[in-house]
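Step one of this worksheet: look at the structure below.
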Amino acid sequence: MPKQKVAILGPGSWGTALAQVLNDNGHEVRLWGNIPEQINEINTNHTNSHYFKDIVLDEAIKATLDLKEALADADAILFVVPTKVTRLVAKQVAQVLDHKAVVMHASKGLEPGTHERLSTILEEEISAQLRSEIVVVSGPSHAEETIVRDITLITAASKDITAAKYVQALFSNHYFRLYTNTDVIGVETAGALKNIIAVGAGALHGLGYGDNAKAAVITRGLAEITRLGVKLGADPLTYSGLSGVGDLIVTGTSVHSRNWRAGAALGRGEKLKDIESNMGMVIEGISTTKVAYEIAQELGVYMPITSAIYKSIYEGADIKESILGMMSNEFRSENEWHS
């Protein structure tokens, strides 16, 4: 692929790791953020120490506080900002972007209030500047592993297969490989909802339960993710792929996962506000739990794990009692994933 200019909006851990992937592939990368100290550190020291203490970035990776500068002549734009500010940043992009570009996002969440997927938000806010359909970049991927060039396989999903293949070629190399998919609903819901299950798996660990319990919550969590996704129009097969079960495994079993760590802390009895303060990073699973619970209630979808996590976080229920309460739920067939 010829050299491309890519603007990455959000110099967090994942945005920085993806910047390195693109730089390794010979593309021109510009990171945009709004914290002067961080931007200066990336440009001066070639580090992003808040996320990666021992990683030195290539000097070719540049960062800026100026959104217009970041977007100038960009062939592709990658959103990697927290879900809650995606619409705000998209509005800002729409005001300064003066040409059409391929727009991607690599965030995982659902917008509070509207319940919208992130691709829908981007379509609504910057439709005039889209060169193609939105492309979703999602899958089992710890930034801590990608940044050291560990093998990573994820998904590029778009209703426009040509756009998905463009992004596949843009990112893929000897350690980072993308597979295409046209089921945007499935890929986005899988990426968002697995964070809830990761909180649950972490909570089990914090409470002292073993691998049997963790395997159960991950497996039954996949069932309820699939139930809701299919109700929203997804292909159930998507949930058996990289962006589904793959992402659920990596997020629901690893200390690298901030959602898992948050759940573990909740299980140990720590307060949510203290957990968020100590992490210093967005825990998407917390807000996604509320959105998913509201959607499930509205559509009548059975999501017992999501409900248990919701009641613990938002209604003050004891997390151990909420989880153990599921053991007395009505008997069901394992094959009732769709009901």
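Glycine is no exception: its Cβ is also placed from the backbone N, Cα and C atoms.
Features of the protein shown, as given by Swiss-Prot:
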type	residues	note
BINDING	S13, W14, K108, A143, R258, V282, E284	NADPH binding site
BINDING	K108, G139, S141, K194, D247, S257, R258, N259	sn-glycerol 3-phosphate binding site
ACT_SITE	K194	active site, proton acceptor
Residues near G139 (sn-glycerol 3-phosphate binding site) in space but at least six apart in sequence (CB under 8 A): T152, L153, I154, T155, G191, L242, S243, G246, D247
Between S141 (sn-glycerol 3-phosphate binding site) and W14 (NADPH binding site): CA-CA distance (Å): 9
Site with most surrounding Cβ atoms, counting all protein chains shown within 10 Å, from the binding-site residues K108, K194, R258: K194
Same chain, 6+ residues apart, C-beta under 8 Å of the C-beta of N259 (sn-glycerol 3-phosphate binding site), given in sequence order: N195, I196, A198, V199, G202, T251, I283, E284, G285
For S141 (sn-glycerol 3-phosphate binding site), the number of other Cβ atoms found within 10 Å of its own Cβ: 26
Reduced DSSP assignment, S257 (sn-glycerol 3-phosphate binding site): coil
Site diameter for NADPH, Å, by largest Cα distance between S13, W14, K108, A143, R258, V282, E284: 15
Rounded Cα-Cα span from S141 (sn-glycerol 3-phosphate binding site) to V282 (NADPH binding site), Å: 16
Span of K108, G139, S141, K194, D247, S257, R258, N259 around sn-glycerol 3-phosphate - largest C-alpha separation, Å: 16
S257 (sn-glycerol 3-phosphate binding site) to K108 (NADPH binding site) - Cα separation in whole Å: 13
